[in-house]
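Notes for the one structure printed next.
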């Protein structure tokens, strides 16, 4: 009869774990992509696997079977309920924000869908707040600009803004005006902020691989304005009009400017770059 004891304990444990989810005494946290994948019984355990992990995928379930099905599948299990949180963020970013705990019964965020080409540039209708990814209370967005033959007569520049997989606000368009890489980076950020304001979003975490844009808007612009839009050496600011527009757009916004290495495998940055390159192929209006 001794051999029955381990089996009895195993069965009892399985029943207890199942009851934890059903009775609301606990939930099952499934991590599909993180430092460790699997099913965890507490948010703190789950958070340790996904916090600051690029493109982490995790979701909360009421039953262990559903949780494991999510871990093993490439898309959400049919009929499953929960809320997945997708954080495509730079792992070495210095910020006090942390991924939020999934809120329980709700729809899973979509997996990456077909790649989008140019989006309608008309003002977008207000979209559900649930379609965005968050870092704390701030909405996450990735921007990028590109320019082929930069500095030459045949230069073609585009801007890309990426809000998430299959998001209706994802956009890739041709840069109007002077075709340069730096202008494209600045105006990609401008486009993202304009879109955010149209959605009544006031808090952003904006990822860009352009330190020029970040330094310009967070450090240099105040000195330029004091000097009559001249550099510390007395020269005219080359991208004066572009930074003036960006500076005006940031008023009333709470923006965390985050640098992310370009072409380093971070999904959000790669998608923003793809959109920018598609935009550069378009004709100028």
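Each Cβ is built from the backbone N, Cα and C atoms, and glycine gets one as well.
Among 137, 185, only 185 appears in Swiss-Prot as part of the Mg(2+) 1 site alongside 144, 209. Across the domain 'RNase H type-1' (135-281), DSSP classifies residues as 59 helix, 37 strand, 51 coil. Comparing residue 209 (Mg(2+) 1 binding site) with residue 144 (Mg(2+) 2 binding site), their Cα atoms are 7 Å apart once rounded. Remark: of the binding-site residues 185, 273, the most isolated position is 273 (fewest other Cβ atoms within 10 Å of its Cβ). Between the CA atoms of residue 273 (Mg(2+) 2 binding site) and residue 185 (Mg(2+) 1 binding site) there is a gap of 10 Å, rounded to the nearest whole number. When the binding-site residues 144, 209 are scored by other C-beta atoms within 10 Å, 144 scores highest.
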